[in-house]
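Visitor: Please read through the structure below; I'll follow up with questions.
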Amino acid sequence: MTDMERRGRATEAFFGRRKGKALREQQAETLNSLLPAFLIDLSAAPPEPLTSLFPVPVERLRLEIGFGGGEHLIHRALETPSTGFIGVEPFVNSMQKLLSRIGETGASNIRVYNDDATQLLDWLPDGALDQIDLLYPDPWPKRKHWKRRFVSKTNLDRFHRVLKPGGLFCFASDIDTYVNWTLIKCRDHGGFEWIADNAADWLTPYEGWPSTRYEAKARREGRSSAYLTFRKV
């Protein structure tokens, strides 16, 4: 990456902290031993076909941006072993949790990236992905910080480029302003069609959806969630 690209990326601050509590010795060992085997190296060109990132045969490719505790990602990977999953998470503690679960379950259809998701998106070839999941992203609730929200014209352009024709962008949130923001951004972009006929289509969790800690927290605090699905057109 050039110095100019680094300066440009400095303005794309979509995430906050990189670390939480200090990892215990065993947790640090898990992270250090497993991360190299699952980490995508962006200094190398994307392999052809991209499915060869995985040591097992996969038919579809799915990206989850900001996987948090990894509950959803590991659930989907075990549920659909014929899909290759790429998870992006810059938060060290969350990455350790996912890698620990990978070690426990033996899931081999997952690869990860531990920095800014826009770097990975720009590395991916055109039309590479079947689906992108952005689930309970940081809402940046203060209006002055809304420009930091991951859903933006620039990132929707990225999504549109890397999705296959008819590929899906799935967005879940319990923050009404972010749900409305995403609907407006996707409508104005013009490259995405919202798949919804009635309220049940966005108030009902996705098929096979595992409850996550973020969703549980929202319910405890009296907030309902929206589950939006957009198709690339």
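Glycine is no exception: its Cβ is also placed from the backbone N, Cα and C atoms.
Heads up, here are the entries from Swiss-Prot:
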type	residues	note
ACT_SITE	ASP138	active site
BINDING	GLU64, GLU89, ASP116, ASP138	S-adenosyl-L-methionine binding site
BINDING	LYS142, ASP174, THR212, ARG213, TYR214, GLU215	substrate binding site
Visitor: Measure from the Cβ of ASP174 (substrate binding site) and count the other Cβ atoms within 10 Å, all protein chains considered.
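Guide: Step by step: centre on the Cβ of ASP174 (substrate binding site), count other Cβ atoms within 10 Å, giving 19.
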Visitor: Please report the Cα separation of GLU89 (S-adenosyl-L-methionine binding site) and the residue listed as 'active site' in Å, rounded to an integer.
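Guide: Between the alpha carbons of GLU89 (S-adenosyl-L-methionine binding site) and the residue listed as 'active site' there are 12 Å.
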Visitor: Tell me the Cα distance separating ASP138 (active site) from TYR214 (substrate binding site), rounded to the nearest angstrom.
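Guide: The Cα atom of TYR214 (substrate binding site) is 11 Å away from the Cα atom of ASP138 (active site).
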Visitor: Relative to the Cα of ASP174 (substrate binding site), which of the recorded positions GLU64, ASP116, ASP138 has the closest Cα?
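Guide: Minimum Cα distance from ASP174 (substrate binding site) across GLU64, ASP116, ASP138 lands on ASP138.
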Visitor: Going by Cα-Cα distance, which of the recorded positions (GLU64, ASP116, ASP138) sits nearest to ARG213 (substrate binding site)?
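Guide: Of all the candidates listed, ASP138 is nearest in space.
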Visitor: For ASP116 (S-adenosyl-L-methionine binding site), list the number of other Cβ atoms lying within 10 Å of its Cβ atom.
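Guide: For ASP116 (S-adenosyl-L-methionine binding site), the 10 Å Cβ neighbour count is 16.
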Visitor: Do any residues at least six apart in sequence from GLU64 (S-adenosyl-L-methionine binding site), in the same chain, have a Cβ closer than 8 Å to its Cβ, and if so which, in order?
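Guide: Correct list: HIS72, LEU73, ARG76, PHE85, ILE86, GLY87, VAL88, ILE132, ASP133, LEU134, LEU135.
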